[in-house]
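Chemist: Pasting the relevant annotations from Swiss-Prot:
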type	residues	note
BINDING	Thr64, Asp139, Glu205, Lys235, Asp239	substrate binding site
BINDING	206-208, Asn240, 269-274, Glu292, Asn327, 348-350, Asn397	NAD(+) binding site
Amino acid sequence: MALLVEKTTSGREYKVKDLSQADFGRLEIELAEVEMPGLMACRAEFGPSQPFKGARISGSLHMTIQTAVLIETLTALGAEVRWCSCNIFSTQDHAAAAIARDSAAVFAWKGETLQEYWWCTERCLEWGAGGGPDLIVDDGGDATLLIHEGVKAEEEYEKNGKIPDPASTDNAEFQIVLGLIRDSLSVDPKKYRRMKERLVGVSEETTTGVKRLYQMQYSGTLLFPAINVNDSVTKSKFDNLYGCRHSLPDGLMRATDVMIAGKVAVVCGYGDVGLGCAAALKTAGARVIVTEIDPICALQALMEGLPVLRLEDVVSEADIFVTTTGNKDIIMVDHMRKMKNNAIVCNIGHFDNEIDMLGLESFPGVKRITIKPQTDRRVFPDTNSGILVLAEGRLMNLGCATGHPSFVMSSSFTNQVIAQLELWKERASGKYEKKVYVLPKHLDEKVAALHLGKLGAKLTKLTPSQADYISVPVEGPYKPAHYRY
């Protein structure tokens, strides 16, 4: 794979699709800044003191216009930054170009192969002879995974000379990861351990990545502290819900131009993401059906007037299928073969294994007809009918559209900045062990408060006697940690 790092005139490393798109990217970044009051408030509050001076931050998170504002907030606070995308289709090339030219090292472009994707992830983590990053901003956990797998392989190699064998797994993507680590062993057999020793911690953006972190914590294999940004209320109850409510129909319409009204739509999963997707489809006039494993979530859907059925009950009746579960094997090839002609199948969970894309690709005689980028018709030979698969089973709102809008991402990314500041500030105190943490309630409330003025809100103030009556401080936090918003 002949990929070469390029350098700007100032000497900054990068690999993007087209650096000449930087001016266009800069114009959209300036528009987004107006819609991201939380991040701009962070610049105003912390910029003068440069709290990240001397810090190296590596980010693996969708390289969009909104992420560009996050990156430039980190650099405005003094950090050096290297960045890659966490999805092969989610990069906005003009955003990547603007950041590469003006602010940070970027390795990302829309339409990467899996080999290119992991090459970009490796470049993002490499800071030269001094080791790796001090901090990681992760989305889905791939940067964290690469370091953990690299350390594991180096230790086995030092102990018994064992070299990772890509043929030891059937997972095509993990074969690439093992090959990457195998090649690094021959050049620098201590690279990932140096990264581990330098790392202060990671802040994780999304549900899937958080699951990975907790799995490592419970198994005792987590190598550094982690802050779970996803479960901040101002992330999961806003980005996951309202962001998806906005970006799901945007992706559907850009990809297919289909009229949603009157269609039967199946939403697999009714967590925060599923709730937002179902609300969007219902508002657009679709007849929405939910599938669920959790009786509480199922009851919530029923209270919203949404039938809860099994996929097998409705697979031949529905027009649109959306997976939102964060689990695997939700829609299988046998389901797809029973669907209506031109039924739309898409995923808004982080990885591509909610839909059985491997089984679809390998099904005998199936024909792939590309309508346009990230919109493919798959025709089955025995029925001569087909389905429309969006973004190859990956995140359709970023593959087929531009993802969540700036305002809701400001809330999520303000949490990221606060988490990174907290990890860096406490790096020598021992406050954070090799465990997963969440941000305290008063910081969650602060993130929300930073976004109220933009929408013209005016908060009512508690009197001291009112605060005493309900046993909360006048300035908050107003809810206990266990409160369910």
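Glycine is treated like the rest: Cβ placed from N, Cα and C.
Mind running through what each feature is packed against?
Modeler: Asp239 (substrate binding site) is surrounded by 26 other CB atoms, counting those within 10 A of its CB over all protein chains shown.
Ile348 (NAD(+) binding site) falls within neither a helix nor a strand when secondary structure is assigned with DSSP, and so counts as coil.
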Chemist: Which one, from the binding-site residues Asp139, Glu205, Glu292, has the smallest tally of other C-beta atoms lying within 10 Å of its C-beta?
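Modeler: Selected from the binding-site residues Asp139, Glu205, Glu292 on minimum Cβ neighbours within 10 Å: Glu292.
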Chemist: Assuming the binding residues for substrate are exactly those in the record, Thr64, Asp139, Glu205, Lys235, Asp239, what is the maximum CA-CA distance in angstrom, rounded?
Modeler: 17
Chemist: Which three-state DSSP class does Thr64 (substrate binding site) fall into?
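Modeler: Where Thr64 (substrate binding site) sits, the three-state DSSP reduction gives coil.
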Chemist: What residue among the binding-site residues Lys235, His350 has the most other CB atoms lying within 10 A of its CB?
Modeler: Lys235
Chemist: Please work out which residue of Gly269, Gly271 has the most C-beta neighbours within 10 angstroms of its C-beta, and give that one of the binding-site residues.
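Modeler: Top count of Cβ atoms within 10 Å goes to Gly269.
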Chemist: When the Cα of Asp239 (substrate binding site) is compared with the Cα of each of the binding-site residues Thr206, Thr208, Gly269, Glu292, His350, which one is closest?
Modeler: Thr206
